[in-house]
């Protein structure tokens with residue numbers, strides 16, 4: 001069995017042997033087989049994988065930190081713990097870090113926070129893969145904002161932005177994990193959004209930045225797993241240079257990639273890409 005999330009050391013730095021102890025190979029193989037079956041028979045959109053992602057997330061975070069030590073990825077199981085985690089990275093002189101944050105109190109929603117320390121100032125940007133019209137994202141955002149304000153971190157600038165790329169009900173965890181990795185890989189492209197956050201240009205600090213205002217800040221690679229074609233087209237209308245940009249090792253453009261992962265669900269074109277991403281990430285945890 002996978003250990004309860006609250007009992008796992010999630011700050012990173014565990015060895016491969018310790019990582020493997022979080023989940024048995026046999027259990028993981030069974031999970032992966034079922035995930036692949038769900039994609040094959042088309043039931044993936046109507047399945048709920050939230051609890052599974054909550055349980056596997058600690059192992060994924062440890063694996064990511066072992067592969068990318070400078071990623072500084074942290075898993076925070078409740079917004080109540082976020083401020084002390086941020087304080088720790090500041091005091092340790094960390095200039096850049098990411099926090100995958102869970103709702104806590106038995107909740108299942110995830111978002112991801114990108115942290116940068118620039119000229120003595122702290123910039124925190126919460127990236128919501130869905131939108132803030134839903135209860136889960138709204139509650140997590142409120143709890144996170146309240147926790148940061150309560151701790152009164154010095155010279156700290158916090159904004160919330162919505163990506164609105166998630167359409168299925170239970171993929172916030174794997175979206176947040178994929179975004180965390182992208183925030184690290186594309187870190188040099190994110191300087192402007194953090195500078196604008198510190199200047200107060202990005203948002204007023206009270207209201208989230210809507211997706212159409214966020215789109216100009218982000219490279220097309222952030223939208224690889226966008227589930228809806230309409231949403232992808234909105235991004236490309238704002239960023240036409242992204243249409244011809246190759247986004248992966250298969251030499252696919254973002255539109256090629258969507259078409260190659262397209263599935264018709266309830267009469268709508270939806271991408272199964274993020275579900276395949278979950279399988280790929282779970283497979284990295286398998287031990288020979």
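Residue positions begin at 1 at the first shown residue.
Heads up, the Cβ atoms here are built off N, Cα and C, so glycines get one too.
Under the DSSP three-state reduction, residue 228 (CoA binding site) is assigned to strand. Within the same chain, the residues at least 6 positions away from residue 228 (CoA binding site) whose Cβ sits under 8 Å from its Cβ are 165, 167, 268, 269, 270, 271, listed in sequence order. Under the heading CoA binding site, Swiss-Prot lists 109, 167, 168, 227, 228, 229, 230, 266, 267, 268, 269, 270, citing similarity to another entry as support.
Under the three-state DSSP scheme, residue 109 (CoA binding site) falls in the coil class. In this view, residue 109 (CoA binding site) is surrounded by 25 other Cβ atoms within 10 Å of its Cβ, with every protein chain counted. Marked as active site by Swiss-Prot on the basis of a curator's inference: 109 (among others).
Here Swiss-Prot flags 128 (among others) as active site, drawing on similarity to another entry. On its own chain, residue 128 (active site) has 111, 137, 140, 141, 160, 161, 162, 163, 208 as residues at least 6 apart in sequence with a Cβ closer than 8 Å to its own Cβ. In the three-state DSSP scheme, residue 128 (active site) is classed as strand.
What Swiss-Prot lists as active site is 172 (among others), and the listing cites a curator's inference. Here the Cβ of residue 172 (active site) has 26 other Cβ atoms within 10 Å, regardless of which shown protein chain they belong to. Under DSSP, residue 172 (active site) is assigned to a helix (H, G or I) in the three-state scheme.
Residues or ranges marked as 1D-myo-inositol hexakisphosphate binding site by Swiss-Prot on the basis of similarity to another entry: 182, 183, 184, 185, 224, 225, 257. In sequence order, 68, 70, 71, 73, 96, 98 make up the list of same-chain residues 6 or more apart from residue 184 (1D-myo-inositol hexakisphosphate binding site) whose Cβ falls under 8 Å from its Cβ.
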What three-state class does DSSP give residue 269 (CoA binding site)?
strand
Would you mind checking how many other C-beta atoms are within 10 angstroms of the C-beta on residue 224 (1D-myo-inositol hexakisphosphate binding site)?
21
Comparing the Cα of residue 257 (1D-myo-inositol hexakisphosphate binding site) with the Cα atoms of the recorded positions 109, 168, 172, 230, 267, the shortest distance belongs to 230
Can you name the binding-site residues among 109, 182, 183, 185, 225 whose CA is within 10 A of the CA of residue 172 (active site)?
109
